[in-house]
Amino acid sequence: MRGRFLLCGLLLAVMAVVSMMTGAHFYTFAQLIKALSDAEPTSAVDTIIRTSRLPRTLLAMGVGAFLAVAGGLMQALTRNPLASPGLFGVNAGAALMIVLVGSFFAVISPWLTLWLAFTGACATGTLVWFSSRISKGQLNPLRLVLAGVAITALCNAFTQAILVVDQETLDTMLFWLAGSLAGNDLAQLYPLLIPGVLLVVAACLFAGQMNVLNAGEEIARGLGLNIALVRLLASVLVVGLAGCAVALAGSIGFVGLIVPHIARQLFGSDLRQSLPASALLGALLLLVADIAARVVILPQEVPVGVMTALMGAPFFILLAQRRGEHAG
């Protein structure tokens with residue numbers, strides 16, 4: 001098991017190097033080392049690597065890890081292998097908040113966009129959580145799915161209505177709605193990247209209690225587990241991680257759905273193993289998708305959300321077919 005973790009870590013490091021060398025212009029490994037080791041940028045290449053490609057690489061790794069860990073927790077929380085962080089409505093809530101404010105103000109700074117998206121994501125996630133509770137504050141997984149679908153549809157309807165009548169906002173929102181890692185300043189990313197990393201660590205430390213809950217409610221109660229509190233904390237972690245991800249990079253699908261399955265296949269169903277593995281594999285998957293998005297139609301680039309959809313849709317169809325066969 002340790003060897004698999006080391007292999008994933010090595011692959012992630014290699015792809016991070018490739019990411020910083022790849023783009024509209026390809027740079028050599030020597031140029032990369034020089035750019036990262038110099039105290040100050042001394043050339044245009046140094047500036048591009050340090051101010052554009054390094055932040056983009058760190059962002060891809062962070063967002064991929066956040067989405068994958070949130071997906072693993074979501075699937076454990078709902079006991080539904082087809083669940084993803086989007087069930088909490090975070091993508092739809094973030095988009096609605098940005099579009100709503102953007103329709104009133106002509107210019108929104110990148111910093112404000114970041115926090116508007118995070119606020120909208122957390123607000124929607126909280127609304128879904130409260131809508132899915134039953135007596136004594138306990139969370140009902142089925143109600144969670146239904147509430148998530150309903151509130152997501154409602155947010156999407158309002159977003160589309162605003163965009164139909166506000167063409168200027170539509171033009172500025174299209175790339176973000178498809179998911180993008182481009183054009184970010186590292187100083188603006190830290191306020192959400194660092195809390196996201198801390199939430200990943202917290203989720204991995206919390207995995208043991210989720211294992212007990214997944215063994216069954218009767219067993220969990222017998223072992224003295226506070227089921228309502230564990231579900232609440234898991235929901236907070238999912239909303240926080242997904243909120244950070246969507247605020248940083250927009251709407252990126254399928255990472256939170258497919259990576260937990262890959263992690264369970266390679267590392268087993270124990271969340272103490274599969275959640276850290278999901279973080280590594282999620283970072284790796286989004287990094288690979290971002291590299292592909294940059295080179296597939298040079299010198300232009302495809303939104304990374306489109307690439308993850310192209311990679312994830314066939315996997316989702318195959319997974320749904322297999323579940324149908326098992327159910328039959």
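Cβ coordinates come from backbone N, Cα and C, glycine included.
Keep in mind that TrEMBL annotations are predicted by a computer and have not been checked by a curator.
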Matching range for TrEMBL feature annotation, transmembrane segment, among 226-244, 302-320: 302-320
Long-range environment of the transmembrane segment (144-165) - Cβ separation under 8 angstroms, sequence gap at least 6: 77-78, 80, 83, 86-89, 91-93, 95-96, 99-100, 103, 124, 127-129, 131-132, 173
Touch test for the transmembrane segment (86-108) and the transmembrane segment (275-296), at least 3 Cβ pairs under 8 Å: no
Maximum Cβ pairs under 8 Å to the transmembrane segment (54-74) - stretch from the list 114-132, 245-263, 275-296: 275-296
Folded-back contacts onto the transmembrane segment (275-296), same chain, C-beta under 8 angstroms, at least six residues removed: 4-5, 8-9, 11-12, 15-16, 18-19, 22-24, 56-57, 60-69, 71-73, 181, 200, 203-204, 207, 252, 255-256, 258-260, 262-263, 266-267, 302-304, 306-308, 311
